[in-house]
């Protein structure tokens, strides 16, 4: 006779609800067309977005005014490895991940929810939203708001006909420059040499960015975390692949 399962008590139910999500249930094809029409919710302007839905302590309860604003942005954050890594390093900074894929972004949201529940007062400074950064970045951020921006192992879109889909191009760099503060840093890492050279070329030819020399990055605590904090980075390491790093600074507009 089959043994009947007893109902879970309150503690067991809570423990089950707070378990970390499993990636196998959130797998999705790596390629997504950022130019195609998707169903996204986005604010009409940065002031119209309620950031308190993402960050529990970002708004002063008495004055209803934001204490802080998002200053670090991981574009194409994947499964959120960098967000989780940076959270304890920059506890006073609000960090946001943007991911275009439905299941992947949902995984990150559930992951952060579980981390916060299991470790109270931790990870309150990170969040993730599903959106298309190529199209809607100025809808979320004011001019000069972002101090650090990350592009870790972006989709290389190997076919020449799809190079226009790459997250780094002439048009998108101007969008990024708009939301970046002067002297803000943009970190790029990839295992594809052709894409690395593409990104370096486009950043170097743009009038609002200059490359940061490797010697000037030795004391940057973020750099060492970029190679393997993401799932893609760990995969490259397992396959003994190469990793190409390039960091760029947002410079003052020479026309001003």
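Keep in mind that glycine also has a Cβ here, set from the backbone N, Cα and C atoms.
Residues or ranges marked as active site in TrEMBL: 155. Sequence annotations record features per position, and here TrEMBL assigns S-adenosyl-L-methionine binding site to 76, 99, 100, 132, 133, 152, 230, 231, 232. Positions annotated as region 'Disordered' by TrEMBL: 1-26.
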Long-range Cβ environment of residue 76 (S-adenosyl-L-methionine binding site), under 8 Å and at least 6 residues apart: 98, 99, 100, 133, 151, 152, 154, 155, 167
Sequence-distant neighbours of residue 232 (S-adenosyl-L-methionine binding site) in its chain (C-beta under 8 A, six or more apart): 78, 152, 153, 191
Which same-chain residues, if any, lie at least 6 apart from residue 230 (S-adenosyl-L-methionine binding site) yet have Cβ under 8 Å of it: 78, 79, 81, 82, 152, 153
Cβ neighbours of residue 155 (active site) where a neighbour is any other Cβ within 10 Å: 19
Number of other Cβ atoms within 10 Å of the Cβ of residue 100 (S-adenosyl-L-methionine binding site) across all protein chains: 22
Count of other CB atoms lying within 10 Å of the CB belonging to residue 133 (S-adenosyl-L-methionine binding site): 24
